[in-house]
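J.: Okay, handing you the structure first.
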Amino acid sequence: MAARQQQKGTGFGVQYEDFVPKSEWKDQPEATILNIDLTGFAKEQMKVTYVHSSKMIRVTGERPLANRKWNRFNEVFTVPQNCLVDKIHGSFKNNVLTITMPKETITKVAYLPETSRTEAAALEKAAKLEEKRLLEESRRKEKEEEEAKQMKKQLLEEKEALIRKLQEEAKAKEEAEMRKLQEEAKANEEAAAKKLQEEIEAKEKLEERKLEERRLEERKLEDMKLAEEAKLKKIQERKSVDESGEKEKILKPEVVYTKSGHVATPKPESGSGLKSGFGGVGEVVKLAEEKLGNLVEKEKKMGKGIMEKIRRKEITSEEKKLMMNVGVAALVIFALGAYVSYTFCSSSSSSSSSSPSSSSSSTKPE
């Protein structure tokens, strides 16, 4: 038989090369001998099996080649009818596998007539045809089994690939969701931090504005207090000046010219008139001063507490009223002082203008 080769892959990167080894039958009187040429194979790389159901001998083997390739064969041979199955034996020598199949009846081919030889040749030909048919059927079955196995393997690989793809998609989806949740959590955290920072800044600005307002209020109150103290001091100074001028005017003697000379006499009428004229104003000024003094003393006693309450914005309506009264009293005293000063000045000027006329009338000679 001529050898033929065929390449097959398994999907794992290993390739098999199938081939049909050369075989030769020899018919001897004692036995039928089958020689198979297996060059390149070792004894351990082949296997011979007798199949009782089909009365056939199966010879298989495989050996590795280079680049992940394997060389293999699978041959089936029909056992002759008059063969002793229990005595079949084989040997491997010089790359040739020899299978000896002893016969039940020893034939002497040399002494057979011509007709017997023809029948033997026909039988041998029929046996070879049957062997060929069985071999082809066996190969067809093996091919079908191999295709079924390959199809099953392919389906299994496709199933595994599909499962692997689904797992990868699920993992990618899970990672995307996890990444999205992390980004959302980070964004929420940043937004919360930003909002908290804005609230802190707004609170600080509010505190600064309140503090500035308190400072302005304290400054205004301090300015008001200083202004009131200055007004009070000015009123007191004017009062002292007015009182000294009034006393000097009351005690100043009036000069009366007579024949004997001029005589200085006091003028009680002027004093009484001045007293009667300015008595009401003096009493009002005195009452205003007493009230202002009481309010100032009370403010001095409570001043520290009021200023502290103003800073804290805890001042009561009564304390506000007290501060307003202090301001009003100061203004009243200032107005009364101005009025008194104006009145005294007017009185002084009128008295001065009337003195020369009286003196001229009194110095008229008799």
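Each residue, glycine too, has its Cβ placed from N, Cα and C.
Values in this document were obtained by computation on a predicted structure and should not be read as measured data.
Okay, so Swiss-Prot annotates it like this:
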type	residues	note
COMPBIAS	346-366	compositional bias 'Low complexity'
DOMAIN	14-121	domain 'sHSP'
REGION	129-220	region '6 X 5 AA repeats A of L-E-E-[SKR]-[ERK]'
REGION	163-206	region '3 X 14 AA repeats B of [IMA]-[RK]-K-L-Q-E-E-A-K-A-K-E-[EK]-[LA]'
REPEAT	193-205	repeat 'B-3'
REPEAT	206-210	repeat 'A-4'
REPEAT	211-215	repeat 'A-5'
REPEAT	216-220	repeat 'A-6'
J.: Take the region '3 X 14 AA repeats B of [IMA]-[RK]-K-L-Q-E-E-A-K-A-K-E-[EK]-[LA]' (163-206) and average the pLDDT across it for me.
T.: 93
J.: Count up the helix, strand and coil residues in the domain 'sHSP' (14-121) according to DSSP, in that order.
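T.: Its residues fall into 17 helix, 56 strand, 35 coil.
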